[in-house]
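Please read the structure below before turning to the comments.
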Amino acid sequence: MHRLSTRSSLLRYGGGALRRHVIAPVSSSHLTTVGENDTRARRFSILSTIESTYRPNLKRDLFLGKRYESTAAESSASTSPPAERYEYQAEVSRLMDLIVNSLYSNKEVFLRELISNASDALDKLRFLSVTEPGLLKDAVDFDIRIQADKDNGIITITDTGIGMTRQELVDCLGTIAQSGTAKFLKALKDSKDAGGDNNLIGQFGVGFYSAFLVSDRVVVSTKSPKSDKQYVWEGEANASSYTITEETDPEKLIPRGTRLTLHLKRDDKGFAHPERIEKLVKNYSQFVSFPIYTWQEKGYTKEVEVDEDPAEAKKDDQDEKTEKKKKTKTVVERYWDWELINETQPIWLRNPKEVTKEEYNEFYKKTFNEYLEPLASSHFTTEGEVEFRSILYVPAFAPSGKDDIINPKTKNIRLYVKRVFISDDFDGELFPRYLSFVKGVVDSNDLPLNVSREILQESRIVRIMRKRLVRKAFDMILGISMSENREDYDKFWENFGKHLKLGCIEDRENHKRIAPLLRFVSSQSDEDLISLDEYVENMKPDQKDIYYIAADSVTSAKNTPFLERLAEKDIEVLFLVDPIDEVAVQNLKSYKEKNFVDISKEDLDLGDKNEEREKEMKQEFGQTCDWIKKRLGDKVASVQISNRLSSSPCVLASGKFGWSANMERLMKAQSMGDASSLEFMRSRRVFEINPDHSIIRNLDAAFKTNPDDEDALRAIDLLYDAALVSSGFTPDNPAQLGGKIYEMMGMALTGKWSTPGQFQSTETQPHSPETVEAEVVEPTEAGSQK
């Protein structure tokens, strides 16, 4: 690391040629490729811009001074051989337009593609050097360095990889969609000595041309250890040809590797800011296996002396007793240096046994910008026909907006291919939307991507990956539910319970995995949540079904008349108080061979049928039921004797295939509800009466004595309206119902607490002013005797 003087900093910010002379080091070993005369000449140029008090590492700085100058300088030596022009081996005007305008949906991926190419070049060199040690004769470190010149809109990417010969330049960069990586992998596969996949990334041969997404002109300077010469490839956007020249300028020579210089378009010069480069590298190439350095401005603070004000100095001279202290101020000294960006190692490549819980939590917080630790994590590797590594997390809390259940594009799953970030924008390809709250990373070496690497191709491999990821997510959630700390799962259910209920509706294949994770309030749970396993375990020996009631609150469910007989028999009933509960349970249909039964539907079977009693009741009240049905008309489908009531006179049950009261309420609230279907499902209601209740027996007597009695018919109407409300339905005319209740109250309360005389005097009180006058007159007569 070195610091520039104030003068050199000004020269740098001033732009021009002087700005290009200062650079940070790579390795002192690079000096092996630099001649002695060249070293002396550049030593003078660097020392002229550095303070004499600073003693830099000259061997280290000289090569990089040369390296940076060669990346930005555009002048060429006068003795350079003439450039040879080549035509692209494709219909470049159409194909380049396709690459630039259609293939990539986001411009910023150009840096990811170019870094991936540089990583491939380093991988190739490392692999080939095993059998050809001479390729590493230039002792240069394996790294990738990125430099941004925001003033001139230039980005330079340099790697110390395998480089290219002149013919390889023609073959790889002169033929669009010709992948050198694909050729290399094929050669490895065909070779008997091949040691397997070398984790190379490129396969389509278009990654290099993503540079033209943001560049008008691209210059590639490359040196292969197999060649004694360095060549320069230069091409422009929308051009049909390119040029290749031999590099003869000693200032631009590199010992090995490739240097790409991108001359950005006017609208894309914002990419040349060092901060923007650092952000893109951390997002897309954080886990590339080679070190990536960026050229960053840094600073340090120091104290410097300042001149005193003349007036204060004179005053201090007059006061001899006062000690003079030198005045200083703190200033920030700026300098430029290389900074390693990808320090974070991919934790998913490590053995899970060697990773601590703290490391998992730290990775989670850093990757997903969270401040709370996750509820659970799962680190696994799948092998076989599909191989990938993954770490999944269950967050502690749902997002504040809680809209993930509607919008599956949550950016919670980060997909990597060979440690290169591909995308986090998925619409159900890797996870169904009801599991969209799960966060994590997935890294695959052979995931089928399209050419731009940004969109997953629908294939059998993707479907297998999705199944395994979903299975692991359920195992992770099941682990939370089986934890000794029950509060963890209560917290999970509070935040993500609705997601699992949505899974009951959308994912029939995983019903067996979802059902054990569901939690409900029941008639015997005292508002504590119970699982279906706990319910089945508490069932009566002769109980065949799982009973439930859907309502808008626990209070409404506890006081519903449908619960009366079941409460007497001590049968537990699930309370479905969430709007999605009823639909979720209806989609489950059964659990452990126990059917879900809605106690608000007709033909409820509690397992205690008495056929003889039912026959007697039908004979005794059959005609009364027909009389009530005739009065109610189309309001109900039928009138039946109830086997679920004990204290209520009647109840309004839903038809076996009709909507429950809760479902009808929800459907009414839908802005796009169908009025015709609502009317049809409403007509399926069944009016059930309790033959043991006094009101029903009085109506039976009224039918047998005078079926046309107006009071009896009005009592039937009021009874139906009361059953409508108590059963959870909404009356069509609440005002009319209120009028009937007031009328019945008036009849019932007349003369109940007062005598007839008192009741009469109360009504005639406004017509008795004479009595008041007579009482007032008496004291007047007494006063007249005076």
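A Cβ is built for glycine as well, from the same backbone N, Cα and C atoms used for every other residue.
As annotated by TrEMBL, ATP binding site applies to E113, N117, D159, M164, S179, G180, Q203, F204, G205, V206, G207, F208, T258, R453. For E113 (ATP binding site), the Cβ neighbour count at a 10 Å cut-off comes to 24, with all displayed protein chains included.
Among the features that TrEMBL reports, compositional bias 'Basic and acidic residues' is placed at 311-323.
Annotation comment: TrEMBL describes 754-768 as compositional bias 'Polar residues'.
Per TrEMBL, region 'Disordered' is recorded for 304-324 (among others).
The region 'Disordered' annotation in TrEMBL covers 754-786 (among others).
Within its own chain, G207 (ATP binding site) has E113, L114, S116, N117 as residues 6 or more apart in sequence whose C-beta sits under 8 angstroms from its own. Under 8 Å, Cβ to Cβ, and six or more positions away along its own chain, D159 (ATP binding site) finds A118, S119, A121, L122, D143, I144, R145, G257, T258, R259. For T258 (ATP binding site), the number of other Cβ atoms no farther than 10 Å from its own Cβ, over all displayed protein chains, is 24.
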